[in-house]
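Visitor: Okay, handing you the structure first.
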Amino acid sequence: MADRTAPNCHLRLEWVYGYRGHQCRNNLYYTAAKEIVYFVAGVGVVYNAREHKQKFYLGHNDDIISLALHPERVLVATGQVGKEPYICVWDSYTTQSVSILKDMHTHGIACLAFDLEGQCLVSVGLDAKNTICVWDWRKGKVLAAAPGHTDRIFDISWDLYQPSKLVSCGVKHIKFWSLCGNALTPKRGVFGKTGDLQTILCLACARDEVTYSGALNGDIYVWKGINLIRTVQGAHGSGIFSMNACEEGFATGGRDGCIRLWDLNFKPITVIDLKETDQGYKGLSVRSVCWRGDHILVGTQDSEIFEVVVHDRTKPFLIMQGHCEGELWALAVHPTKPLAMTGSDDRSVRIWSLIDHALIARCNMEEPIRCAAVSTDGIHLGLGMKDGSFTVLRVRDMTEVVHIKDRKEAIHELKYSPDGAHLAVGSNDSSVDIYGVVQRYKKVGECVGSTSFITHMDWSTDSKYLQTNDGTGKRLFYRMPSGKEVTNREELKMVQWASWTCVIGAEVNGIWPKYTDINDINSVDANFSNQVLVTADDYGLVKLFRYPCVRKGAKFKKYLGHSAHITNARWSHDYQWVITIGGADHSVFQWKFVQEKKTKETVHIAPQETLADSNSEESDSDQSDVPEMDSEIEQETQLTYRRQVYKEDLPQLKEQCKEKHRAMATKKRERPPASGVRLHFIHGYRGYDCRSNLFYTQTGEIVYHVAALGIVYNRQQNTQRFYLGHDDDILCLAIHPLKDYVATGQVGRESSIHIWETELLKPMSVLKGFHQVGVCALDFSADGKRLASVGLDDNHTIVLWDWRKGEKLSAIRGSKDKIFVVKINPYMPDKLITAGVKHMRFWHKAGGGLIGKKGSMGKTETMMCAVYGWTEEMVFSGTCTGDICIWRDMFLLKTVKGHDGPVFSMHALEKGFVTGGKDGMVALWDDTFERCLKTYAIKRAVLAPGSKGLLLEDNPSIRAISLGHGHILVGTKNGEILEVDKSGPITLLVQGHMEGEVWGLATHPHLPLCATVSDDRTLRIWDLSPSHCMLAVRKLKKGGRCCCFSPDGKGLAVGLNDGSFLIVNADTLEDLVSFHHRKDVISDIRFSPGAGKYLAVASGDSFVDIYNVMSSKRVGVCKGSLNYITHLDWDKRGKLLQVNTSAKEQLFFEAPRGKRQTIPALEVEKIDWTTWTCVLGTSVEGIWPVVSEVSEVTSACLSNDRKVLATGDDLGYIKLFRYPVKGKYAKFKRYVAHSTHVTNVRWTHDDALLASVGGADTCLMIWNHEAEGCREMRQCDSEESDIESEDDGGYDSDVTRENEIVYIIKALSTNVRPMSGIKPHMQHKEPSVDERQGVVRPPVSRALPIPEKLQTNNVGKKKRPIEDLVLELVFGYRGNDCRNNVHYLNEGADIIYHTASVGIVLNLTTACQSFYVEHSDDILCLTINQHPKFPNVVATGQVELSVAATSPSIHVWDAMTKQTLSVLRSYHSRGVCSVSFSATGKLLLSVGLDPEHTLTVWKWQEGAKVASRSGHTQRIFVAEFRPDSDTQFVSVGIKHVRFWTLAGRALLSKKGVLSAVEDARMQTMLSVAFGANNLTFTGTISGDVCVWKEHILVRIVAKAHTGPVFTMYTTLRDGLIVTGGKERPSKEGGALKLWDQELKRCRAFRLETGQIIDCVRSVCRGKGKILVGTRNAEIIEVGEKNAACNILVNGHMDGPIWGLGTHPTRDVFLSAAEDGTVRLWDIPERKMLNKVNLGHPARTVSYSPEGDMVAIGMKNGEFIILLVTSLKIWGKKRDRRSAIQDIRFSPNSRYLAVGSSENAVDFYDLTLGPQLNRINCCRDIPSFVMQMDFSADSCYVQLSTGAYKRLVHEVPSGKQVTEQALIDRITWATWTSVLGDEVLGIWSRNTDKADVTCACVSHSSLNIVTGDDFGMVKLLDFPCPEKFAKHKRFLGHSPHVTNIRFSYGDRFVISAGGDDRR
């Protein structure tokens, strides 16, 4: 039988011919060692031109397409294509990986660039968004990522002269990026008029913000900042592909084949045209240049590399060449010389010298070449072409001998016969033609047996036979030269083949994997003399097999390098080399064949990473000489940990079911029970599928795990404490070197690892989000800082963590086979090993990845355990055959026989080792495994008297071993934990059932005992009293599912899985009687009450048998159920049986005959049942959960006092309900401890304990039943029930409004006004009369000069246009829907607040405002950093648009310098509604407005997200860090308060527990403050303040305010607390109160605002002053001593400010808003002078020309005229019923025009006195009136209307003027219209959704300012008739600027906002 192991010889890559020039640019550089680095296919190549040597980097697994050189020029970064592409940073000197960056990009990595220091690397992906990613490459961490552009990006570069700036360019764009925090913010380059918008292919950065870029048309574009300043025309004839900067200047290379050198100012130095040089050719295209000193490297499209020496530029030196683009298929080797011939679709045939590694000849043919062959004498070279012809050349001089075309389709294979007489030509026409060589290639035969194209051919040694393979996988034989098919296989028996290149045939069966398609191996070649076979396949793998290899799935060695399909592979004539050629990568690889050497030298060939001897992984068949796998291991590898439903899925499932119970929720739901249970003791230890999971802690307690619990067991007191953080099976456990922390990993869809400490059982860190399915192995590093984990996903991912920070350091796919153990090297924490099924791997960390090498062991064994020895390179591992392997580095030194059967556990001591195996022996060894010092057998005979139970069998399989405290701790497969004393005696400490589900559970009728029976075929009796031990055990012949004690406790009935049952003596467990009447499982068994006369036995075949116990006869059978019987109960009289079936039937039968009864539901409740374990019926309908589709309630048990019903379900929850549980979805208390389904629950006879058993977790858990009152709150106390109650805590209009506000986003803004019609920039312009008539006016008109468009007011002054606007003043403060957003800065000298999208700092002494204007949309929240290390650091969060990536959500900035410190682009869609700094000031917490209300914690300085988690389903209003903590914070919101802990990278939360305070209800919480000793105060909607200790409610401060408590502030200085709420001011109370630290006493302040109800939204306390922000947009300072109020800031409270009027001669202005006020503001004084309450919302306001009167138009159609001096009403009138939109005085003060929404303008004559009679009106207006302007002579008025029409009417007649010539001559007094030809340019391109809402031309009539629905203010020139005129933009408003005016003298522009009131 042929040997099935892999061959011992191997291949080593020696040379690669080629360079990748196609589709890549900038990929060729000089390293520091003057070597040349480039790539081809999937290999990075370092070429030393002086020595003509190549080194290879083989860390990629697919085509490399990008390369960057580190500034120190030693390290190289390369990026590849692929589904999950990664970046490798490697050392060009050693060609070893330094770092691997992955998990960010998809499709491929298009560009790479290092920054100046070389710390950061930027990469660009090939995905649809062209993601740009900035890496800290050494750590493998992403610093920032952003979508790059919608189209391809071709180049990216760091600006080497400015920190954290980048430039990227590509298809029709260039972008300038700045990196701040974790945000990459782009600005698009402005091409402007200087150059055409076009594709930019490459770029280089220079000093002073100058960037040079090469464009597609051959120009060079020069940028300064983001603007194009000049172009260098025609630098190249066409596209510039590459630009390289060096000390002397820049080099560029283009498609025209030229290289140009430029100096540092981009003045040309010289041109080198490569086409004109001797090596040049037409069509040469340069793809890459590198200029170093006087050498220039050039890479071309056709895979050549030239080196040009500058002073001898006409003679470029060709240093590398390869085939050009096109597939490469043809390969032949010379029969006697070391030459290889290749031919490709680029139509060239090339001859390579394998010794000199050089091209020695090339010849171009007419057609693409597909195959080649050399005649036996080496004279002729035959080439098969793609068009069906073939050509024969003389090798000597490449001259043609013949050219023959007999076929239409491609020739795929040519072969000369060994005697040189014939040439066989196989074509895709599925035939082989035979030609005679000597007869000048005359056709002499034809073979036509195939039905498909010919793929391979071989001649026999005597040239008499030919074998062929074809595309259908057939192998045929022909007699030569006639071509007759051989059908009789007998005559072929003795045939010897001259060569073997066929892929089909008995001799090469083994090259095919067991299950595969036939087409993916392209080429084979056999080396007869060394008996090896090389194959080449579609996956880019070269494999070596033994030859012949007869059985499928043979072992091999495989080599990567080619990226895609390899088309051909051949041995050289002397078998020294293998040549392989790649199809798509058109490269030629030359591999050195290294024969097997028995000596040690092979070890020292530097193993090429992972690949040198990649002993095949995928070969799936077992090798013949590997022993069968041990049954136990077999069993374990087949376990699956996947679940139908994971606990993580519950919230979604609940959401889906919400609809169902919206209806239910209105009904009253049953309260949860008063009493609860607490986990007390667990019998069980998980040994059957876990190893090494048992340790001593620091204090000598024992830590292990079972089910979902970590257990700390104190063996002196026999008590257990539990870590309850997990919610599903724990699979592995590791202990920290200091033995105080433990890490445990669990099953789960997103499985988590918890690190917790053993004393307080608190989680220190939770690691999530990396492993799927589960975590199966963990290990701490020796310094305790790192943790390695292995996942249960298909690839067994290995992750290395910094566990305290919760950061993933590195990750890699581990292996296809299961990994059993991972260990970190104790001496070098960057190294680790993994061991498992058929492998042992040695890994070292490289950046974000790990690089693995296989241990070379000869034959692959399965490793079960491994430890590091006394030096860093020694490793010891235990195998499944009982050997111990001793390794140095990765080489096996020797093996020692250790145990019979697998070695499961191994532990290193100071001076030796201890091992444990399946043979039940514990062995102590010396430190070299030379001698075994001592063995201990685990036997019953040596059990010490103090044991807590009995050993089930001698020598149980040992799964865990640990040493400490003079003892050896042993865990067995049978679930026992034993302690072995060094002197010999063994104590049993803990014990549970073995593998198999546990279903049967019964409690004793009057003793604290219980019995369990399990699928592990044992029946056990447990003592529940404090001794907690197993009293008796009996093995059964079959597993059992149920058991029951007789009423006197003497008998015990057990139902077995084969349909039999027995009754045993309860003390001795000896048989009394047994029956076997049924075939299916006995599912429940019950004695009748009282004397226990009858026994009811329920079986899976849907019958209940009733037996008479005394006579032991069956007396009755209950028939009639449809399905499997699940539960049974007797009534008290012993006459009636209640039965539940799995078809959800509830049936009743009469004993003893079993007659079926139907009993109405009401009667059932009246019957007195002895026990209640059923789960159906009206009295328990509330126990079924909302998600009952996925979760069955498996068991129930009613306490003996009939008050509490306990249930167990499929999700592992134990729940307690108040009995009877009527009505659906009752409330409950629930407890998690079991991991999967709970199979049974039972109360003890006195209700003191509850026992529960788990199915798969094999545990028996004992719970203490704690009556109410006596229980302290524990973390294991129940969670509240699933659905929140609907009785919510109160209602407040403000809160509701804040919750329902939809924050508008600028880019999605809509119109403020209900416009209709066609927008101005879309309308067609009517030609004027002259144009229609074709009149051409002379340039100098004799007509009257056209009057000015606009009357100018400041006549004497020189007209000069306005250049720019600077934000100077903002009136207003956002208080109506934001809170906690006013703060003191600088010891109270300044205050900070925000409105719209501006952050404002107001200096209180000078009243100066300064602004932070970087936000792109409304700011919603603001906080300051109170840590002294970060003075004046402010964080603000904004409304955010999820669509545009350009809107970061949180800015952290310095309030004094307005410098942005960090921008955090968050995952909160919709916006950020709360921000809070932590105690040290380093962390920032933010809350989103997204549907999940995500909470995120940031390290704001780095911009790194630490943790994020969805907060609550409903709105969260505030989340704040505790002032003394960096890990604890509290969030409050709609009916919710949660207490959060940051553990590592995970956020853990606890709901507030209300049950401690009588009648407390969960209310909507609005604010939060903190006190000492973990006190938390939350303000509610009802005005109460809740006081919490930890997360338990301890008291309520009733009615702290009469209305909602909107804000609370904790003073860090003295701990006093300020609260603010909604309250009517009264003598004793006010909306502002100052409290002591405990919130016991308070002092109230009154705010003298004159409002009926004060509503405080924000408070802050400084030195003796309290700062208050109110709902009415005032900011007030209140003195603590004298309670004096000082109003600092005023603003409109509500609704858009529509009206703005500026005074004609003073810098004051009026504003009118929806809040019913008109306010008078003074600009120089910076304050509100006066305010008039109108009682109705105001819409518009205007001054008379003299400034003595003010007209105000209202929303209800009324208008009022006030006298300015006295503010008395001069007159008022209401002629219209809808809103007045604009109101204007005529310039001569005679008329008042009033425009309304009723499509009319009314004229009033003011000279007639204050009764204001309408004198006329304009009718026939198509829509409502927006703006009106009078002409300077008061004769005309122009209107802009909602239909985008501009009309002109006469005054006062109201007639419409239509004659255009007349209109053109009118001079207007003012211009506020947004319509008209003169202002067409104010409409921008993107106003299709939103409009320009307002405009105003300056008094000098040279400029116009506009406001629009996006919230932008723009400044343009006036007039601007051209479309899309140029403008300057000013941001600051949120969406909708409603009005805008110049103040008199054009000094100020005043703009009013719609939604933001300022």
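Yeah, the Cβs are placed from backbone N, Cα and C, and that goes for glycine too.
For reference, TrEMBL lists these features for the protein:
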DOMAIN    53-307  domain 'EML-like first beta-propeller'
REPEAT    250-265  repeat 'WD'
DOMAIN    328-592  domain 'EML-like second beta-propeller'
REPEAT    330-354  repeat 'WD'
REPEAT    404-435  repeat 'WD'
REGION    604-634  region 'Disordered'
COMPBIAS  615-634  compositional bias 'Acidic residues'
DOMAIN    719-979  domain 'EML-like first beta-propeller'
REPEAT    896-926  repeat 'WD'
DOMAIN    998-1264  domain 'EML-like second beta-propeller'
DOMAIN    1409-1677  domain 'EML-like first beta-propeller'
DOMAIN    1697-1957  domain 'EML-like second beta-propeller'
REPEAT    1703-1731  repeat 'WD'
Visitor: Just to confirm my parser: what is the rounded mean pLDDT across the domain 'EML-like first beta-propeller' (53-307)?
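Guide: Average per-residue pLDDT within the domain 'EML-like first beta-propeller' (53-307): 88.
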Visitor: How do the residues of the repeat 'WD' (404-435) split into helix, strand and coil according to DSSP?
Guide: 0 helix, 18 strand, 14 coil
Visitor: Mind tallying the repeat 'WD' (330-354) by DSSP state, helix then strand then coil?
Guide: 0 helix, 16 strand, 9 coil
Visitor: What are the DSSP helix/strand/coil residue counts across the repeat 'WD' (250-265)?
Guide: 0 helix, 10 strand, 6 coil
Visitor: Just to be sure I understand, if DSSP states are collapsed into helix, strand and coil, how many residues of the repeat 'WD' (1703-1731) fall in each?
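Guide: Per DSSP, the residues of the repeat 'WD' (1703-1731) fall into 0 helix, 17 strand, 12 coil.
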Visitor: Give me the DSSP three-state residue breakdown of the repeat 'WD' (896-926), ordered helix, strand, coil.
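Guide: DSSP composition of the repeat 'WD' (896-926): 0 helix, 20 strand, 11 coil.
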